[in-house]
Amino acid sequence: MLILVGVAITVYAVDQVSKYFVVTTLAEGETVQVIGDVLHWQFVRNPGAAFSFASGMTWVFTILAAGVITFIIWFARRIRSVAWALVFGLLLGGVLGNLTDRLFREPGFGIGHVIDFISTPWMLPAIYNVADIAIVSSMILFMILTIRGIGLDGSRPVKPAEDGTGSAEADTAGRDARGGAPAELARES
């Protein structure tokens, strides 16, 4: 739980400080080349989701974000894996960062626009922020852990025995103390 909270606080702080820097130093719509055509800062206010999707539905994203945060806080006690704590910490920090914008930025409470400023024109035709990076990273890690079958406690599923008889426990059942043939067969010889 400590890792989840630490990651969430770090993501949230970096997101909010970076947005404060953008709002106080750039004019809305202004673009600054940071690394040639690779990385730009471009200040925009986003009323929707990624790629400005559903820009008239800001209040829906506010409600969804509050629901995600509530779920993570409720669910956090079940997480025993460092990797899963990282997933939910990244998600919590990112969602909190964007929710803060929706609650406290113009045009008003619950319908505020998210501050986006990171532009990588060579990679994505979108402008995003630190919170978005954390959310996307959490989803990628979520998929990796799910595909690998890693449980919330860090466990992995038991692999079947090579002879196809089922689990490893079933394979060792009935064997003699030396791990050789089943005890019944050893007595018959």
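Cβ coordinates come from backbone N, Cα and C, glycine included.
Note that this is a predicted model, so its numbers are computed, not measured.
Annotated active site per TrEMBL: ASP116, ASP132, in sequence order. Taken from TrEMBL, the feature compositional bias 'Low complexity' applies to 179-189. Annotation source TrEMBL lists region 'Disordered' at 158-189. Residues annotated as transmembrane segment in TrEMBL: 49-75, 82-100, 126-147.
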### Query
Do you know offhand how many angstrom separate ASP116 (active site) and ASP132 (active site) by C-alpha?
9
### Query
Near ASP116 (active site), how many other Cβ atoms are within 10 Å of its Cβ?
23
### Query
What is the total of other Cβ atoms whose distance to the Cβ of ASP132 (active site) is within 10 Å?
21
